[in-house]
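Chemist: One structure follows; several queries about it will come next.
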Amino acid sequence: MLQQVNGHGSGSAAHGGESLREDLQEFLGGEAPLQQLDDLTKVNPVTLETVLRCLQAQYMADTFYTNAGCTLVAMNPFKPVPQLYSPELMQEYHAASQPQTLKPHIFTVGEQTYRNVKSLMEPVNQSIVVSGESGAGKTWTSRCLMKFYAVVAASPTSWESHKVAQRIEQRILNSNPVMEAFGNACTLRNNNSSRFGKFIQLQLNGAQQMTGAAVQTYLLEKTRVACQAPSERNFHIFYQIYKGAHAEERVRWCLPEGATFSWLPHPERTLEEDCFEVTREAMLHLGIDAPTQNNIFQALAGLLHLGNTQFADSGNEAQPCPLVDDAQCSVGTSALLLGLPEDHLLETLRIRTIRAGRGRQVFRKPCSQAECDTRRDCLAKLVYARLFDWLVSVINSSICAAPDSWTTFIGLLDVYGFESFPNNSLEQLCINYANEKLQQHFVAHYLRAQQEEYAVEGLEWSFVSYQDNQPCLDLIEGSPVSICSLINEECRLNRPSSAAQLQTRIESALTGRPRLGRDRLSPEPNFIVLHYAGPVRYRTAGLVEKNKDPVPPELTRLLQQSQDPLLKVLFPADPEEKSQEEPSGQNRAPVLTVVSKFKASLEQLLQVLHGTTPHYIRCIKPNSQAQAQIFHREEVLSQLEACGLVETIHISAAGFPIRVSHRNFVERYELLRRLRPATTLRRHGPCPDGGRSERPPCTEPATLQGLLQEILHALPAPLHCGRTKVFMTNSTLELLERARAQVLEQCARHIQRGWRRHRCRTQARRRRAAVLIQAAVRSWLARKHVRRLHAAATVIKRAWREWRIRMAFLASEELDGVEEKHSSQAPCSPSSSPLPLAQTRLQGAITRLWPLGLALANAAVGVHGFQRKLVVFACLQLPVGSPRSCAIQTAQEQAGVLSIRALPQGSIRFHCRKSPLRYADTCPGPSPDSVTGFNQILLERHRPGHV
Ligand SMILES: Nc1ncnc2c1ncn2[C@@H]1O[C@H](COP(=O)(O)OP(=O)(O)OP(=O)(O)O)[C@@H](O)[C@H]1O
Ligand SMILES: [Mg+2]
C-alpha cells in the first residue's frame, strides 16, 4: 500500500526537528547530491525543509531550473548567464530526441509545447502559464521563450518565406521593448516591473511555422501615471523621453533640461530600461512612423505638464479653484501639447456639469480642490490608458497573421504574481483574484483531475490534502453575494458610501464565510481575505471610487475636441458614446465597473486556457535585494507556498504519475509471469505452458483480467490496479522495466543455451560417425594387409620347406661322398700341409657362422628384415650401430656356406655345406669338402686319445 503523504503543514510538523534533519542527512547521504536532482518530487521525504534545501543547493551550484512534477521551477539568477540562453543550446533542446532527458530548462517546456502542436493530439493548442511574484523573472522567461520559438519555428522552406518569417519574428520580438517601455515601471521590488498582465498568442501554420502573434493585455496600472508610491517611478517611457529627447525635440515637447515634473519622481536614477533609442527603433519596426511617434511623445509630454497643474482651495464653493503660482504656464503648455484649447481644458478640470430635471437642464458646479485634482488625474489616466490600448492594437495589427494563415497557437501568459502590501486596494484585489483563478485552473488541471481519476478508477488511496481555493473564489466572485458583487452594487446605487459602511456591508452579507476576516486592530476600515497564498488585508477606503473609475463625460468630450491627430484617433467623436453619456432615467446602461471588466477579461482568458494543454513555469525570487548567489530561505518558502508548489510536490510524489490501460500493461508485462516462484505458480491457477509460449493478444476481458492478476502476483513490487488502468510511480515503472529486461535476458540466455546444446550435439554425432567410418576403413585395410601377409608367408613357407628338403637331400648326398673319401684317404695333418686360401676362408666362416645356421634354421617364419638382422647381429656378436650404417652381409654367404649341421646318426662331427650355386662362383679352388676349422677341432677333440 502506498504511503500516504498529507498536507505539507502537518507533514513537516510531524517530521520536524533535529531527529528529522539527522535522518534526512543520513538518508540523503546515499542519494544523488541535492544539486543534481532534476525533480523536486525526488527529494526524500518531500517536505518544505528538504525542498528548500534542494533548491538552495541548486541555486548555489548555479542550477536555476528544476522540475516539480508537472511544473518547472525557475529561479532568478540575478546575473547574466548568457550560455544558458544561447542559440546553440536552443538548437540542442530542439534537436534532442527526448528533451525531457536533458537538464530541466524553459527550453524543455518550449520544445514540449512545440512537439505537442506538431503531434496534433487534442488539445492541440498549448499554453504556458508563467507566474511568480514581482521580480521573479516572468517577463524574462516569456522573452526567452519567444526567442526560442523564433529560432525553432523559423520557416526553412524557401529563402523568400524565410525572410518573411524572420520579419514577423523580429516584429514579435520588437513588441517587447515597446510594451515594456509603456507598461513597465521601476518599483520597490523590480526595476522593470510589468504593470499589466499579458497573454501572447504565437500563431503557427500547418507546418508549425510562426506566422504571427496576438497580444492581449490585462489591467494596466494606469493610476501610476498620476500617482507613484514613494521610491517608485512612473512608466519608463516618461523617463526615456525626458532623458533621451534630442535638443530640437525638447523644444517641440517643451521639455527643457533640468525641468521638474511632479509626475516624474526620481529622474536622477538611471536604469538600463531608460533607453529611448531602443523603443523608437522597435516602434519603427512595428510600423509606427516618426510623425506618429512624435505625436505620441508630444502627448506624453503634455501629460507631464498636466501633472504640474496644481489647484488651490478657492474658499468659496461657488468659485472655481484657482491655480497655484506657475501652474497657469503648465496648463497652457499641456493644452498646447495635447491640442486642446487652454480655457476649455481649465474649465473642464474645474467645473462639473450636471444634467437634471425633466428637460435635462445643464447645471455648472465648480469642483472642490480634491475634485479638481481627481479630474486632472482622471484626464491623464484616460489619455494614457487609451494610448496604451491603441499601441497594443497597432502592435497586433503589425504582428497578427490573417485568420486563415494559422491553425494552432502557443499561448504565453505573463501575469502579475500574488501581491500583499501593508495597504492593499482594488488593484491588489484584482491581481490576487486573477492569481486565485489561475491557481484554481492549475488545481483543476493537475491536482483535482489526478485525484478524481483515482476515485473513478476505484483506487484505494487516501487523497493528499491540498488547498482547494474554491471557497476563496466564492468569497470574491461568487453569486449571489460576494465581495465583487457588493462593490459593484455600491457603484450601481450611485449613492455616497463611506469606507466604514462598505466594511459593515461586507461583514454582514458575507458573515460565516471561511475565508473572510477583519483586522480589528487597524484604525482603518478593512477586510481580510485568506488567499491560497496567505492572508491579505484590503482597505475599503476608495474601493468603490476606484471600481467606478468614473470618467466625467466632460473630459471625454474635451478630448474629442483635440486638434492633435493622435488624440483624434484615441477619442473619436462617437454618437453612441454621446447617448451613453446622456442616459434617460429608465434607459440607463449597466455600469461597467473595473471589477466587472476585469472579471470578464479574466473569464475570457480562462476559457482560452481551458481549451489548451497547460504548462506551468513558477518563477522564484531567491532574495529581494536582486543579488546573485544569495538565497533567503524565508522568502523562498513564502513563494513556494504562494504558488502552491508544495502541494504539487506532495501530490506528484505521493500519486501515480504513470497510468497504463490494462491491455497495454498486459501486452508489455505479460512475460513477467515468468518471475513467479514455483509455489505461486501452483497457488494461482494454471499457466498451461508455464508462460513459455506466446499468446495471441488477449481480447476477452476475462482473459485479460486473469492475465493481469497473474502478472500482478508475480511482480516484485505492489501495483495499484484501477478499473481500467494500472497506476504506478516512476520508481515502480523502473522496477518493472528492469524485471522485464531481466526476463528478456533470461529468454535470450535460454535460446543461446538451446542453440549451443543443439550445435554441440550435432557436432558430437558427426564426430562419432566419422570415428566409426575411420575404424571400419582401418579394420578393412588391416584385414586386407594381414591377408596379404598370410598369403606371402604361406608362399615363403612352402618355398622354404621345399628348399630345405632339397638342401637336406643335397647335404646328405654330399656328406655321404665325404665319408667315403675320408675312409679311402689317409688323414693328413693340417699343419703339415697348409690349406689353400679358399679353404681357410671357408673354415673361418664355418667357425663363425655355425650358430647362425642354427638360428636361421629355427627362426620363425615371420622373422625377416630388420628383426632377422638383429638375430644375426646377436649371433655374430657384432656391434649394434645404426641399421643403415651397418649393412649386414653375412660371411656365410660370401663364403658360399649354405648350412652347417651335425652329422646324423650320433656322429660327433659337424657338417658344413656350401651353396652349390655360390660354390661354383666364389670357390673355384680346391675341393671344399676337406674337414677344416671347427669340424677339425671337433674331430680332433673326439679323436681317440684326445680328452
Ligand atoms: N534568467 C535570468 N537571467 C538573468 N537575469 C534574470 C533572469 N530572470 C530575471 N532576471 C533579472 O531579474 C529582473 C526581473 O525579472 P522580470 O522583470 O522578468 O520579473 P517579473 O517576474 O516579470 O516581475 P514583475 O512581476 O514585476 O513584472 C530582470 O530585469 C533581470 O535583471
Ligand atoms: Mg514582468
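Note: Cβ is positioned from N, Cα and C throughout, glycine not excepted.
Curation plays no part in TrEMBL annotations; they are all automatic predictions.
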Chemist: Between the candidate ranges 27-49, 303-325, 602-624, where does TrEMBL place the region 'Actin-binding' annotation?
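Modeler: Based on what TrEMBL states, region 'Actin-binding' spans 602-624.
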Chemist: Relative to the Cβ position of Ser134 (ATP binding site), how many further Cβ atoms are located within 10 Å?
Modeler: 19
Chemist: Does anything in the same chain, at least 6 positions from Lys138 (ATP binding site), have a Cβ under 8 Å from its Cβ, and if so what?
Modeler: Val130, Ser131, Gly132, Ser194, Asp414, Val415, Gly417, Cys619
Chemist: Are any of the binding-site residues Glu133, Ser134, Gly135, Ala136, Lys138, Thr139 near ligand 1, with a Cβ under 6 Å from it, and if so which?
Modeler: Ser134, Gly135, Ala136, Lys138, Thr139
Chemist: Cβ within 8 angstroms of the Cβ centroid of Gly132, Glu133, Ser134, Gly135, Ala136, Gly137, Lys138, Thr139: which residues besides those meet this for the ATP site?
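Modeler: Output for this site, in sequence order: Asn76, Asn190, Gly417, Cys619, Lys621.
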Chemist: Just to confirm: which same-chain residues, 6+ apart in sequence, have a Cβ under 8 Å from the Cβ of Glu133 (ATP binding site)?
Modeler: Arg189, Gly417, Phe418, Glu419, Cys619, Lys621, Gln639, Ala642
Chemist: Do you know the mean pLDDT across the domain 'Myosin motor' (35-741)?
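Modeler: Averaged over the domain 'Myosin motor' (35-741), per-residue pLDDT gives 86.
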Chemist: Any of the binding-site residues Gly132, Glu133, Ser134, Lys138, Thr139 with a C-beta atom under 6 A from ligand 2? Give them in order, or none.
Modeler: Lys138, Thr139
Chemist: Sorted by position, what residues of the same chain at least six away from Gly135 (ATP binding site) have a C-beta under 8 A from it?
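Modeler: Counting only residues 6 or more apart in sequence, the Cβ neighbours of Gly135 (ATP binding site) under 8 Å are Asn76, Arg189, Asn190, Ser193, Lys621, Ser624, Ala626.
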Chemist: Residues with Cβ closer than 8 Å to the Cβ of Ala136 (ATP binding site), same chain and 6+ apart in sequence?
Modeler: Ala74, Asn76, Gly417, Cys619, Ile620, Lys621, Gln639
